[in-house]
Amino acid sequence: MRVKDTLNLGRTKFPMRGKLPVTEAQREQLWEENKVYELRQKLNEGKPTFVLHDGPPYANGNIHIGHAMNKISKDFIVRYKSMSGYRAPYVPGWDTHGLPIEHQLTKSGYDRKKMSLTEFRDLCREYALKQVDKQRTDFKRLGVSGEWDHPYLTLDKEFEAAQIRVFGEFAKKGLLYQAKKPVYWSWSSESALAEAEVEYHDVVAKTAFFVEQIKDGKGRLDNDTYLVVWTTTPWTVPASEAVAVNPKFDYSVVNPANDDRKFVVATDLLEKLAEKLGWEDYEVVDHLMGQELEGMTTQHPYLDRDLLVGLADYVTADAGTGLVHTAPGYGDDDYNFGKKYDLPIFAPINDQGVLTKENGEGFEGVFYQDADDVSLQKLEENNALLLQEPLQHSYPFDWRTKQPIIFRATDQWFVSIEKMRQNILDALEDVKYHPEWGKVRLRNMIKDRGDWVISRQRVWGVPLPIFYAEDGTPIMEEETINHVAELFAKYGSNVWFEREAKDLLPEGYTNEHSPNGKFTKETDIMDVWFDSGSSHQGVLAERDYLTYPADLYLEGSDQYRGWFNSSLITSVVCSGHAPYKEIVSQGFTLDKRGNKMSKSQGNVIDPNKVVQQMGAEIIRLWVMSADTSADVRVSMGTFQQISEAYRKLRNTFRFLLANTSDFNPEENTVSYEKLQSVDKYMLVKLNHFLKTMREDFDNYDFLDAYKVLINFVNNDLSAFYMNIAKDVLYIEAENSEVRRSMQTVFYDILLTLVKLLTPILPHTTEEVWSYMNEPEDFVQLTEIPDPRTFAGEEELLSKWDDFMEVRSHVLKSLEEARNAKLIGKSLEAQVDLYLTDDQKQLLDSLNENIQLLLGVSALHVHPADEAPADADQYNDGVAVKVTTANGETCARCRMVKEDVGSDPAYPELCARCAAIVRENFPETAEDGLEE
């Protein structure tokens, strides 16, 4: 018999390399065939419900790494709750209406103007469903578990019907109105936009300082006086109706040398302006307060129109002249100013951003950006332009087309936020936020939010269920809206475009505003944020196994102005409360330099490629390791690093499996009271680790959980317990108490880790589970254990923590001895340890083989005051001296012992190994051992 055959070398077929790209897909197929998600739901019937409601991604294009981070984070929570005593169904959703899908069809050569609306809408639907199928495959391949065969889509008939009923609640409460107001207008999309559909970029604008001659100075200013007006949008000057001044500003009347005109500017800006305009020598001839200018009129610089001077607090002295050109059809402030002074709301520009003939000669047919130059030229021709200069400032863009937008007054439908603002703010108080600053952010957004423009001039979406009577009166009655909802539930929203208005109204419907029984219908559709914002009614309130409000919404931080926001508004209107009990927000995924990922930059990471090259588990572990509450930088190098951490976890599982392969939990388990002290210590540590991990999971703090996990695996297991375990597990007799004691804890660690990590690494833990003799077919169908406490554990931990401090000194001295070439491996060392009486008592109280715990061949303990001068001294009074151990190396345990060969039958073994072999392999006493 060989020496090797007398050892209990761990054995397992669990592979060191996971071959994840191949094995994960096979395992996912197995889950699907065995309906593991459905089995888990069945197991949890009757338990408390936890619902994470999925914010629907847009059904267009491939998933990106941000999608992966979001969906995997949700999967962590749903899987964890499912294994922790909750019924946690997960219904994935998709946002399937909207402009990008229309654009995709246009790019593919379809012209919506050359086909019927229903034909075009059918093509949109077909495209959206294909995108859903594609994204669903990708999400499933990330290991995300859920109702993939029964998701929610905003184009579903039932969802559209629910959305119409939500609209009905707004109508019933008088929160809808139609008005001609300036809205964000996207000429590239030919539609109004909501705030959530706008992003800001820095642009360089052409600004103009120009003059308007006083026409009626109210006896205070003469006709040879000119107001110096400033604008950042010269193309809007043809629509100018007024000049706004601040009532509290002091204004100077200035007469520059070599100019017979007098100019009015804000006194605080005079010095800066004089420098810009080259007024080296000027005289201030008068002062007046802004409020004195109110009611004066000026002459438009190049059109035959009188302009009013009015008061506005929004005029600042940060830039310009303190006098602002005002066009009520082109901005919120201008609009409110216009309403205050009863000015025309005038926006002479078409849907494509092209100016119309109402702007005057030279402007008709000119694109608004080109019209800047036309306007500047006209100002110059009329001797009204004092200065033109560039200005860099933040400007709104269409978030989908990436083109700049304009403010334009058009007839739109609005939701009055003002009427219910306080109710919405009150509802926020009942919500818990992660991170906590989310509350302030959402609160401020609601506080500052203007009325919500919900109409869109597009075709692929849910129609506004509004009818018009013969005299133009809008009809939004409960009866008509409910009837439309019923039609949508039966036929889908296409019915709106297929039928005449009279065929969409309830049978026999009459209205006093239509004496002839004639009606028309609205042609605009709803903002897609109204679609997804209605999901609490279309999904949570519709499916009886879900709950409303949901327990949790988890999305990117941009959703404070998007889905969190629109869902909150609609929910408060429908039910008087928020649709969620908790919100978790995440940052964006950026490249390694902190730049936004974009195809044009070539810095996009495709999660599908990472899956194909490394496996979904690597992405999942990365998500756990990332601080997702802020923006996350990621590169392929990040995944390489995570692969190393994964390899460490995998090898930990392999070591635990190998060294429990001959352990039967039912027969070999040692009770806590009978465990060796070091094993008790590790069992207590394991349960403290489990408690912390569960707390982190409960708080959705997966980053901290990752740190706790890596610390436990690297320090408690790899660097200590698994390191010292080899001597016990390999060397001691197979059935010895000390070995079974350690295996008991090993198995507990294995069982805890495999269950605890299933929400994070389900492919790997299911693979590990297949090598364990547990009754359940899938680890996903088990429960994560609750942490246990043990009698006297605090005292035990205190002792062992003190010992670990002593051990750290010994390890440091051993490292120095290795560096000095005094020893090679630690097993070549003898350690002389010099301790105080308290420290010696500590070691004795552990009742352990301290030499084994230190990993050396010989240990001698002495009083602290006997420490020689060349010993390593440590602050707590410990001294350590490392020398080369005397004796020969035992062929079995590899320790250097003076008693090697003391048993003549085993000349190559130390006394300890000889006794173990003689007792367990008696035949070798005569035959001897081979190397």
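Glycine too: its Cβ is placed from the backbone N, Cα and C atoms.
Under the DSSP three-state reduction, E555 (L-isoleucyl-5'-AMP binding site) is assigned to strand. Annotation source Swiss-Prot lists L-isoleucyl-5'-AMP binding site at E555.
According to Swiss-Prot, the feature ATP binding site maps to K599.
Residues annotated as Zn(2+) binding site in Swiss-Prot, with sequence analysis given as evidence: C890, C893, C910, C913. Around the Cβ of C910 (Zn(2+) binding site), 27 further Cβ atoms fall within 10 Å across all displayed protein chains.
Within the model, the motif ''HIGH' region' (57-67) carries an average pLDDT of 91. The motif ''HIGH' region' feature in Swiss-Prot is assigned to 57-67.
Only residues 6 or more beyond the boundaries of the motif ''KMSKS' region' (596-600), in the same chain, are considered here, and those with a CB under 8 A from a CB of the stretch are 64-65, 588-590. Sequence annotations record features per position, and here Swiss-Prot assigns motif ''KMSKS' region' to 596-600.
Geometry remark: C890 (Zn(2+) binding site) versus E555 (L-isoleucyl-5'-AMP binding site), CA distance 61 Å. The two recorded residues, C893 (Zn(2+) binding site) and E555 (L-isoleucyl-5'-AMP binding site), have Cα atoms 55 Å apart. Comparing C910 (Zn(2+) binding site) with E555 (L-isoleucyl-5'-AMP binding site), their Cα atoms are 63 Å apart once rounded. For the recorded Zn(2+) site, residues C890, C893, C910, C913 set the reference point as the centre of their Cβ atoms, and the other residues of that chain within 8 Å of it by Cβ are I731, A891, R892, R894, M895, K897, V900, L909, A911, R912, A914.
Rounded to a whole value, the Cα-Cα separation of C913 (Zn(2+) binding site) and E555 (L-isoleucyl-5'-AMP binding site) is 60 Å. Around E555 (L-isoleucyl-5'-AMP binding site), the C-beta neighbours below 8 angstroms that are at least 6 residues distant in the chain are G55, N70, G562, W563, F564, V584, S585, Q586.
Cβ contacts within 10 Å of C893 (Zn(2+) binding site), excluding its own Cβ and spanning all protein chains shown: 22. In the motif ''HIGH' region' (57-67), helix, strand and coil residues by DSSP number 3 helix, 1 strand, 7 coil. DSSP states for the motif ''KMSKS' region' (596-600), grouped as helix (H, G, I), strand (E, B) and coil, give 2 helix, 1 strand, 2 coil.
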